[in-house]
Structure formats: structure tokens, C-alpha cells
Amino acid sequence: MNNMKKIGVLTSGGDAPGMNAAIRAVVRAGINQGLEVLGIKKGYVGLLEGLYDEMTARSVSDILHRGGTILQSARCKEFKTQEGVQKAVETAKEIGLDGLVVIGGDGSFRGARDLSLAGLPTVGIPGTIDNDIGCSDYTIGFDTALNTVQEAIDKIRDTCRSHDRCSVVEVMGRDAGYIAAYVGLSCGAEAVIVPEKHFDFKKDVLQSIAEGVKRGKEQHLIIVAEGVTKDNISAIDMAKRIEEETGVETRATILGHIQRGGNPSVKDRVVASKMGYFAVELIKEGIGNRIVATKGDDIVDYDILEGLNMSKKLDAELLKISEILSM
Ligand SMILES: Nc1ncnc2c1ncn2[C@@H]1O[C@H](COP(=O)(O)OP(=O)(O)OP(=O)(O)O)[C@@H](O)[C@H]1O
Ligand SMILES: O=P(O)(O)OC[C@H]1O[C@](O)(CO)[C@@H](O)[C@@H]1O
Ligand SMILES: [Mg+2]
């Protein structure tokens, strides 16, 4: 018989808009099922150190629309060790947790799998602006980040146009080009450089700009995903090379953490609320070691290991259409 009485919820890894909506959903759906819910603070750090708040329906009032995470988040090295996981399971026992919901990215899910294997049933909810969870079409925070990036690039375009310049804009995505590919199309970029696709700087950027100039193009936008710049040429060096080799005055902008903040979009609030509710449906039955995910518009779930081994492809059409339309 399932004796689930008390569950915890935590946010881990980089924060993402919509995490608060997911926390609210877990807390209220849990209370609705007669469960006690603890809000574990600062991700796995809080689980190691026993930092938590007892949550009530009121402790998640007025957070649905706010960015960041009221529980705070962390990247916790100690938890990655076997001793760390053991210590976390012991703390969970001490504070009486029967199950846990972890809202975070792939790293956080590896931790969730370790906890499940060590005896604490744990369910993961994908929350990351990178949209880089292979088993889920969508991750909480992606849509809001896209809108933030788009708004910033629209502003960069205004000044670009006034000065007949080229802009190189670096967007987030540790190893993934989803943000770059989507805003590349929505902002009319001339070149979109992502880690998933080989690029030839000379042909795809320099030559494209030079040919554009010949066709009368006066402003240029190059979008590059962070995942490319860390192993290759930086956005700043790209800008220098473009200016030197094409003669077009060029500036680089690294958008940085502005992309992680802000009020979540409708999509992020709705997906987060559905996923939080769904996670409680699993954990209340004592079902752990699962990742909640989206498949099209449906909410589904996978075994964590199976989910982590799944992969999804960046839609190559996005890049192709961007290139054709940027003439
Ligand atoms: N292989 C692993 N095994 C156990 N725990 C892990 C592992 N990888 C990461 N973690 C734990 O999860 C935390 C968050 O992981 P990570 O920093 O990779 O972020 P994430 O969850 O992938 O989110 P994002 O990439 O969006 O920032 C780590 O600080 C660590 O405590
Ligand atoms: O805020 P931090 O720890 O520097 O992490 C930045 C990383 O986190 C992400 O924003 C994902 O959460 C990545 O896009 C980026 O590479
Ligand atoms: Mg990650």
C-alpha cells in the first residue's frame, strides 16, 4: 500500500521563468491530495542541509506571474558524489519526506535518478530556457526566453538600421541552439550559428554579408548560440573579423542573463501548471524515477534514464527558412 504523506519540491540548475508556476501547482495539487508539502530551498544544497519551508496554499499566492524561483536554485557539486546523494537521502528521511519533485534541467534529472535509486521516489519536471531535454518537446521557460530575446534584438535592430551596421548577437544555450534557431527566424537573421550544425565562418557569414552588401543590404544580423562561442570563435572576435574582412561596421552583443528573467508567458504558466499537477498525480501513488514531459500538446512521462537517453532534433527547416528569407 502506498503511504505517501509528505513530499518536497525543489528547483535546481539555472532558473527559468515559469518555475514559480510549477512550484505553485505542485504545492496546491499536493494539498488537494491531502499531502504535506515542503519547499526545499536552493536546490540540492537545501536537501543536503535540510533547508526548507512548510508550504501552504497561501505561501504560493501571488507567484504564478513572477520570474525566478521563490525556492531559489543552485548548482551543487557536493550532491554529485555518492556520499552527497546518501547524505541527501538521510536528510530527506529526517525531515520525513516520502517523495520529491525536482524542477530543473538534465543535470538535475541525473540527481533525481540517483535519489530514486537510493530510495527516495523522485519525479522531474523540465524547467530550463535551453529547451534541451531530449524526451520533452518543450521545457518550462523557453517561450518566455524567446520573447525576451526577440524584444532585445528588435531594439538592437533599431540602432543597427540607424548606423548601417552589422550586429552579432550571442544568445544562451549551453550546448543547444534552440533559442538561436527560433529567434533567428522571428528576427530575420542573415546567419544563425548553432552547435547542432557545422558552420563555415567564411562562407556562411563573411561571404553572405559581402553578397548582401552587393544586393543593397544595409544592415545585417548574425545570431550565434553560446554553445558555439565557447569552443570556437567568440561573438566579439566574430564582429572584429566581419568588420575587417567585409568593411561593414560591426558590433557584438552578448545578451546574457537578461534571458533568464521576466514574467512567464501564457505558454510557460500553462505548461508549468499542467506539469506540476501531473507530477503530483505520479508521486501521490509512490511512483518515482519518472520525468514529466510534453509530446505535442500532451503531458506524458518517462523513466528518468530512458528519458535522459532520448534525443530530439533541432528543426533544420528553421535554419533553412531563415537563410532563404533573409535575402
Ligand atoms: N551527473 C549528475 N549526477 C548527479 N547529480 C547531478 C549530475 N549532474 C548534475 N547534478 C546535480 O544537478 C544540479 C544541476 O545540474 P546542472 O548545473 O547541470 O543544471 P541543469 O539541471 O541541467 O539545468 P540548466 O542546464 O538549465 O542550468 C548540479 O549542480 C548537481 O547538483
Ligand atoms: O547562470 P549560470 O550558472 O552562469 O549558467 C548559465 C547557463 O545556464 C543556462 O542559462 C541554462 O539554464 C544556459 O543557457 C547557460 O549556459
Ligand atoms: Mg542542463
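Numbers here mean position along the shown chain, with the first residue as 1.
Cβ coordinates come from backbone N, Cα and C, glycine included.
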Looking at TrEMBL, which one out of Gly8, Gly14, Gly18, Gly173 binds ATP in the same site as Arg75, Cys76, Gly105, Asp106, Gly107, Ser108?
Gly14
May I ask you to find which of Arg165, Arg269 TrEMBL records for the substrate site already listed with Thr128, Ile129, Asp130, Met172, Gly173, Arg174, Glu226, Arg251, His257, Ile258, Gln259, Arg260?
Arg165
Among Arg157, Arg290, which residue shares the ADP site with Arg24, Ala25, Val26, Val27, Arg28, Gly188, Ala189, Glu190, Arg215, Lys217, Glu218, Gln219 according to TrEMBL?
Arg157
How many whole Å apart are the CA atoms of Arg75 (ATP binding site) and Arg174 (substrate binding site)?
14
Neighbours of Asp130 (active site, proton acceptor) among the binding-site residues Gly105, Ser108, Met172, Arg174, Gln219 (Cα to Cα, within 10 Å):
Gly105, Met172, Arg174
Of Asp106, Asp130, Glu190, which of the recorded positions has the most Cβ neighbours inside 10 Å?
Asp130
Whole-number answer please: how many Å between the C-alpha atoms of Gln219 (ADP binding site) and Arg251 (substrate binding site)?
12
Just to verify: the residue among Val26, Cys76, Ile258 with the fewest other Cβ atoms within 10 Å, which of the binding-site residues is it?
Ile258
Let me know the DSSP-derived helix, strand or coil state of Arg174 (substrate binding site), please.
coil
Excluding Gly14, Arg75, Cys76, Gly105, Asp106, Gly107, Ser108, please set out which residues of the same chain place their CB within 8 Å of the center of the CB atoms of the ATP site, keeping sequence order.
Ser12, Gly13, Gly43, Gly104, Gly111, Thr128
